[in-house]
Amino acid sequence: MRSSKYPVIPDWELPIPQLITTPVSRPDTTRKLPSQSSRSACTSTTLVNSDIKAFDVEADMAFALVSSDPNARPKNFRNLFEECIFVFTAMMAVASTTFLQGAIVINTGTIGQDLNMTAAQVSWIAAAIGLASGSFMLFCSKTADLFGRKIQLLIGLLLLSLFSFLTAFAPDPVSMNVLCGLLGLGTAIIAPPAMGTLFATYPAGTRRNRVTGAMGAANPLGFIFGSMSSGLATKYASWRQSFLVVAVFFFVMAVMAVWTMPAKPRSGSSSQLIKEFDYLGTVLAIAGMAFVGAALTEAPRAGWHSSKVLVMLFVGAGALSSFALWEQHAPCPLLPAHIFGNPTFTLTIICTGLGYMSFITNQFWISLYMQEIQGLEPLTIAIRLLPQAILGTVWSYLGEELISFISGRLIMAAGGLGYVGGAILILLITPETSYWALLFPALCVTVIGADFQFIVSNLYVSSHLAPSQSSLGAGILQTVLRLSISLGLAITSAIHGALDQTPFGQAHPTYAYSRVFLCTIIFASLSLVMIPFLRIGRQGTPADDGGEEGFELPSSLGRCQSQGSLWSSVSSHHFGGRWGEGPGVHSGDGWGSGTAGWMWADADRYERCLKCGDERSIVVAGVPHHHQAGNGPRHFTPDVSCSGENTGHTSPTRNTSVQLQPENDAEQAQG
């Protein structure tokens, strides 16, 4: 419902959409930003009574939900308990893949024996989840930003509950593998909207750092929760009951999401968004990742020279190459190429993926090692892995505290060293080695990398994309993490399968495992090599070190409603932080913070029209405009309609508020 402080104008008096601006008294004819003392009495430009699809009143009104203090509890939550439930729901949505992996890995042997599965079919139980999740993650990231995050999250949680329930009654190997693939699809549906909603709810600051720190502990906690619940159910019933427990868990999460998940409004028309959606890019991306992932999973069993493997690799590589070419020319691309124009952004994604590849493959193979070599029960394995989840919570808290004071590159380096050190300790394990001597410290050290690198990469990605693309940014990172699972397991499975069949490998059962653990050291080392080239400063502070690189959204993307920002009145130039953090710019200002002061009072503000893609300067900056050499900045005229052409806004229709002119014409305008 519209606030009473906005004037109500009958529809017949508004033949075109009008922009109503709260007047601010000033002695001369030009406007300036209000002082800090009067900020609470002023409002930003608000679009009222618009029936043009290029604009959305709900998106503008979403500013009312942003707290005046970026470090205060968001107004979406009535109390701290409700906020904690929201964060926990988002945590488990992001960790849904590792949660399922933990529930399945410790039961793969039991499931294979019960369903008479071959070795290849058993390997697909875990691989199908990661493959389906990675293939559909990018697509689901885009749909979350376009059509609503909360509704997509609820649908995904309910589907996961249904698929888990059906998996408990899987009658044969084929149906088991298909249902595991559907579980992977469910995780792809829920992870992007959960991350996107979280970063859209919390502005840059200490509170966001703490929430991101909690998210860093999500994957270790998810794996342990999954393995513990599955181990208990298997011990007292069977592996089928473990999937019933998982089904109940996801259903409870859906109920909690209905209660606590904020419904963030989106901008644009649904019909227009559907027309502009990149269907060709979606098909090419899904097909490419699915074929390549399937080939890598099947190669260890069928052989790399198998015609089936070669055909899948060829088709997958061709689809991914076509996808990369198409995205450079698509009018509204699924994955805008400009996102990777920042080298630090690209290297951060790759570095995090390689480190996570080492982490997950170590978790998978050390669990299998304890089953096959040490002969431990599933519940015992889950208990032995429990310290990793507990220490993960501690390291995540430490990481979110350090990120405001220490360079992100140093924290990434600490995480990389944790990956390498933990992998080396796991390599030294023998069947006779005490749990406390090597495995316990290895679990405590490797989780440092999972927490620290996850925190830094998520904060960096979220601060370098617009809020309307927060789910897309989270989806890109989650896609890389999911595909790193498939790729890491495929490579290590190929090594294990090849060496385990040799005479020496059959005589020494631990030989194949030792070479697998050596491969995880290589993964972690490659991640560590990239860190010196990163340029990541402190995150969540009023002014970062200024050494970060920014990128500019191409103006052509502004013509796509599917690229429209929830905060449509903010410039599409992003440098350093979410709204241009850096020297002289405060992160809280882009969010309407009432405590930081108007630190960007000397900078131009822009409004991008989502219909034609033009930007208009709406605040006097006192300096020549960069588009008009020799002239002062043009001031936004509220009473201007857009013709839809990329020729500027040149059709004034009414003048119900103060007409603003360029500064060098101020005297003429006054006269």
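Placement of Cβ uses the backbone N, Cα and C atoms for every residue, glycine included.
All annotation found in TrEMBL is predicted automatically rather than curated by experts.
Positions annotated as transmembrane segment by TrEMBL: 85-106, 118-139, 151-170, 239-259, 279-297, 309-327, 339-359, 379-398, 410-429, 435-460, 480-499, 511-534 (among others). Annotation comment: TrEMBL describes 86-539 as domain 'Major facilitator superfamily (MFS) profile'. If you look up TrEMBL, you'll see 625-671 marked as region 'Disordered'. What TrEMBL records for 643-671 is compositional bias 'Polar residues'.
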Using a threshold of three or more Cβ pairs below 8 Å, and leaving out pairs closer than 6 in sequence, do the transmembrane segment (85-106) and the transmembrane segment (339-359) count as in contact? no
Best-packed against the transmembrane segment (480-499), counting Cβ pairs under 8 Å over 85-106, 118-139, 239-259, 379-398, is stretch 118-139
Looking only at residues six or more beyond either end of the transmembrane segment (309-327), which have a C-beta under 8 A from one in the stretch? 278, 280-281, 284-285, 287-295, 298-299, 302-303, 333-337
At an 8 Å Cβ cut-off, counting only pairs 6 or more apart in sequence, do the transmembrane segment (435-460) and the transmembrane segment (118-139) clear the bar of 3 or more pairs? no
Counting only pairs at least 6 apart in sequence, do the transmembrane segment (85-106) and the transmembrane segment (239-259) share 3+ Cβ pairs under 8 Å? yes
Take the transmembrane segment (410-429) and find every residue of the same chain, 6 or more past its ends, with a Cβ under 8 Å from one of its Cβ atoms. 348, 351, 355, 358-359, 362, 366, 369, 399, 402-403, 438-439, 441-453, 455-457, 514, 517-518, 520-521, 523-525, 527-528, 531, 534, 536
I need to check the long-range neighbours of the transmembrane segment (511-534): which residues 6 or more away from its ends have a CB within less than 8 Å of a CB in the stretch? 343-344, 347-348, 350-352, 354-355, 357-358, 361-362, 365, 369, 373, 408-409, 412-413, 416-417, 419-420, 423-424, 426-427, 449, 453, 488, 491-492, 495-497, 499-500, 504-505
Six or more residues beyond either end and a Cβ under 8 Å away: which residues meet both conditions relative to the transmembrane segment (118-139)? 97, 100-101, 104-105, 108-109, 111-112, 173, 176-178, 180-185, 187-189, 191-192, 282, 285-286, 289-290, 293-294, 297-298, 300-302, 334-335, 364, 475-476, 478-479, 482-483, 485-486, 489-490, 493
